[in-house]
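Residues or ranges marked as domain 'Amino acid transporter transmembrane' in TrEMBL: 10-390. What TrEMBL records for 12-35, 41-61, 92-113, 133-149, 156-178, 198-217, 229-252, 272-291, 311-331, 337-358, 365-389 is transmembrane segment.
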Amino acid sequence: MESQMLRNEGTTFFRTCLNAINVLSGVGLISIPFALSQGGWTSLIALFILAIICYFMGILLHRCMEVKPQIKTYPDIGALAFGKMGRVIVSIFVYLELYLFAVDLLILGGDSLEKLFPNWGLKVGALRVDGRKTYMMLTALLILPTTWVKSFGALAYVSFGGLLASIVLVGCVVWAGVADHVGFQQRGVVFRLRGFPTAISLYTFCYCAHVVFPTLRSSMTKKTHFPKVLLVSFSLSTLTYGLMAILGYLMYGQNVETQIALSLPQHKINTKIAIFTTLIYPLSKYASIIYPIAQAIEDASPLCATRLMSIIIRTLLLLTTVVVAIAVPFFAYVMAFIGAFTGVATTILIPCICYLKINEGWRKFGWELIVIVLIIVVGVSVGLVGTYSSVKELVKRLR
């Protein structure tokens, strides 16, 4: 999902694997221990089942693209299946997912900076802005120049830093457990029904990368190898997610924070490294995330295509995400909403429905049709329950 939507022709198998892992192993890593604490140990089964389902959905997208080689992007698949209306509907879900993810990146930046520099705020006359909101605005200011870049290829190299950030973050958590003597003593709970919808929604968010897969595939030299790319990237990403979830839960149990870096011992150098590492995500990924939305607006009219209008559009987009982030500053539950609402749609439902339409699978009764229908039922159930649960939690915290 973290948007590598560029068209670099002739990408090797190894480079595509790295790009896919970078897309999959992103911000979700920060909250995966919290997700496990919400659902309990048995919810790990759901994580692995979701990984298998989402891998299969990537295969379905690959098969859709084999029908017509001209397909390059995710909305192209919607257009192939349902025409112009299909493109519009798919685009709405894609852009909404990217927009909400950009909002969550600003919340992440504000939370991280507040942990590093607590008890600080902004005062303008009689107006007092607390530290977290101030830091969200500061994060936005730091990000602003990167949003003006019109070369997506240049942004891709910046966003690749997210892969390194994930590796460093896992290392810091392991260090805290071993060298800082936090230990791995917490037993946790076996199953927690009340938090299970939140856990599933957060797990789904971890695999919200399907909007990028068509572009990654179209960039490959040997497109027939894309299923192998999916197998490698999903296997390694799931291994990383499972490891981080288990380590974080064994260290802090039900007391783990919504962001694992915020749970680490204060005043330790590895804790500061971990928090600074989480700051890499908003700084390196925000511009890439917002780029497709800005590009779509600019392409809508020649008046929007000028350099000045491009800067204005991208600045206004940033301002709107700041406003939303300040209004709903709850990182994990915004993430859960993205996973349950737009994530289920783009990751599970749209691939299934488009595949059935393009391949006329509904006419062939067999094991594949049964599996796809079951996945649709599961997807709809997760979407409805998860969306209700996340909205309920957000409303509860806004009161």
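The backbone N, Cα and C atoms fix where each Cβ goes, and this holds for glycine too.
Caution: TrEMBL annotation is automatic and unverified by curators.
Most Cβ pairs under 8 Å with the transmembrane segment (41-61) belong to 198-217, among the candidate stretches 12-35, 92-113, 198-217, 229-252, 337-358.
Sequence-distant contacts of the transmembrane segment (198-217) (same chain, at least 6 residues past either end, Cβ-Cβ under 8 Å): 1-7, 11, 16, 19-20, 23-24, 28-29, 31-32, 34-36, 38-40, 43, 46-47, 50-51, 54, 57-58, 61-62, 65, 71-74, 76-77, 94, 97-98, 192, 223, 226, 229-230, 234, 237, 241, 332-333, 335-340, 342-344, 346-348, 350-351, 382, 385-387, 389-390, 393. Between the transmembrane segment (272-291) and the stretches 92-113, 311-331, 337-358, 365-389, Cβ pairs under 8 Å are most numerous for 92-113. Against the transmembrane segment (92-113), stretch 311-331 has more CB pairs under 8 A than any other of 12-35, 229-252, 311-331, 337-358, 365-389. Residues of the same chain lying 6 or more positions beyond the ends of the transmembrane segment (337-358) and with a Cβ under 8 Å from any Cβ of it are 53-54, 57-58, 60-61, 63-64, 67, 74, 77-78, 80-82, 86, 90, 93-94, 96-97, 100-101, 104, 197, 200-211, 369, 372, 375-376, 378-380, 382-383, 385-387, 389-391, 394.
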